[in-house]
Amino acid sequence: MSLTTAHSVVAPSANAKLIAGTIIVAYALISIVPLLWIFATSFKTPPDSIAYPPKVVFQLSIEGYCNLFTTRTRQTPEYINSLGPATGFCDETVRKRNMVIAGPSNFLPRFVNSLIIAFGSTFCAVFLGTLSAYGFSRFKVPLADDLLFFILSTRMMPPIAVAIPIYLMYRELGLSDTALGMILLYTAVNVSLAVWLLKGFIDEIPREYEEAAMIDGYTRLQAFWRTVLPQATTGIAATAIFCLIFAWNEYAFAALLTSGTAQTAPPFIPTIIGEGGQDWPAVAAGTTIFLVPILVFTILLRKQLLRGITFGAVRK
Amino acid sequence: MAEIRVQNLRKAFGDFVAVQDSSFVVEDGEFFVMLGPSGCGKTTTLRMIAGLELPTGGNILLGGEDVTMRRARERDIAFVFQLFALYPHMNVRKNIGFPLLAQGMPSAEIRQRVEETAKLLRIDHLLNKSVSGLAGGDRQRVALGRAIVRRPKCFLMDEPLGTLDTEFRDLMVHELRELHNRIHATTVYVTHDQMEAMSMADKIAVMNHGVIEQFGTPREIYDRPATMFVADFIGSPPMNFLRFGGGLAKGAKEIVVQGAKVAVPEVREDIAPSDMALGIRPEHIRFDDASKLRGAIYGTEYLGTTQIVAVETADGIIKARVPAEIRLAAGDHVGLSLNSARLSLFDKGSGRAVRTAIHDSASQGRAQHG
């Protein structure tokens, strides 16, 4: 082998890059295929969705979305014919299957519940987390290490382990099936993560910034607001995404504690399956719409998220 | 502007005493430097003056007002940090105007004051730049701008040149002193660099282990070190020490070192027999073959105009600063002649300087021991 080309010790070789790239692309494909399949299924007709072999090329239809947002009743063709002309695309599609739209489904209110509960709990967790992380980072808190360990220890068991006590407690307190109850619960689960993540970020911000601001005539709270917070945005954004993803996806507690008014989308979506046969396009449509908020939020904050998860590795 | 009066200031962190009963006065308009090795308590003292730490004991008076327990923002002082602490999310203009914003000053006035300040520091062309792209010297100027824009009672600076490259540092030493000459702001400046201290200070306080060892003008501190620590810390190379024993009587004009009689400035106090040290700066040593104090050349360090010659004597290495023209070879035996008028005498036990004729004309800049 010739030794004419100098090898860099730190830069990866072309071969290494190729192998790494191949692995990443393969992993990305494996990850995205189920999502693409769900997305495709949401635009299939119910017969296409259960066709075997599965159809990759199919006729586009928004029947799944129609079914997701409506409840329908089966009627005799005579009755349907006696009705006036169809009022819209969904109406027409449904009538072809001898059904009429009876009213809106529960999907929209459940989706709104999810939005309120997930964003509400994320806000609370990040708000409380930022303040306590700042406190732990800057002040001499008595027993700080023990307190931080205690906060961390709440993550050491799966939250579902306390499902039964929480169920009983919530029933007693009247928090069952309320948005407030779910926000409190998700905040409680997320706040430990938020404190720990944010403490790391705030520790990295030199205290000279606040000291300079305090000497320049600001109170500590003003100094925190004007000098620490702007520099902690990366950490706050990353923390918010982690909290949001947990609260948005959470299924077990939602299924246990919510059944009616405060039910979130995750326990609702499976119930679609049961309504009038296995309506896979409607389930897929629900799942697709369910993915949108988290996707938008993540895309908006992707830079912060990337810096957040590689935190410490690339700074300075 | 105002005078700063520090009285018996003390700070303990648990069992560790960072500052012990320090007292000094910074006169109105004075450039005051606190000098000492790292961990000597100089920064802690500065932070107590600023209100970033609260003292365990003692008082701090700013312009005659007791501010010992006041919050930092109520003291009307400005602080320049070692790492400058420029807010990365603001541009230069906003950084400099930030203290004025706290006072609720109208934005037109802030604009005017910021521009005046920037002109004074010759950074007006940088006002709309982001601070993250600035060079070290410019960052330093922005930090200074943020300090002077408010026209505070005094400036506190914590090793503000510590992170700069050597070339910038010399430039900034000059600029800082020039700025001080123009605005005459009472300034307390902390550094571990004796060259910075000597070249900028009106007065220097030398600290060690939380104690102010000496407090005086650069000249006093160099010529009449109050303790062996000061003598050793200031000067490059530092003061040489030659051991001698026995007591000293008031009026004595001669001591015996290594069997050689050495004339010294007239002693002004009686000292009981103990271990003593004779202090001599390298530039006050001449080679003189007639001298009974002898040694062998150990090595030389050529510096252009002068050279530092290490001479091995019976009492260890002595460094002499002699003209560069003298040709010397290692191993040569030489006699050392000491400039009697410039010698210091120390009590080795306490490290304290013995009062001699060199102190006669001195103003009282002596340290109080804690």
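The backbone N, Cα and C atoms fix where each Cβ goes, glycine too.
Copied from TrEMBL, the annotated features are:
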DOMAIN    A:111-301  domain 'ABC transmembrane type-1'
TRANSMEM  A:18-40  transmembrane segment
TRANSMEM  A:115-136  transmembrane segment
TRANSMEM  A:148-170  transmembrane segment
TRANSMEM  A:182-202  transmembrane segment
TRANSMEM  A:223-248  transmembrane segment
TRANSMEM  A:280-301  transmembrane segment
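Only pairs six or more apart in sequence are counted, and the transmembrane segment (A:182-202) with the transmembrane segment (A:115-136) gives three or more Cβ pairs under 8 Å, enough to call it a contact.
Relative to the transmembrane segment (A:18-40), the listed stretch A:280-301 leads the set A:115-136, A:223-248, A:280-301 in CB pairs under 8 A.
When Cβ-Cβ distances below 8 Å are used as the criterion, the transmembrane segment (A:280-301) is approached by residues 35, 38-46, 49-50, 61, 63-65, 67-68, 107, 111, 114-115, 118, 237-238, 240-241, 244-245, 248, 265-266, 268-270, 272-273 of the same chain, each at least six residues removed from its ends.
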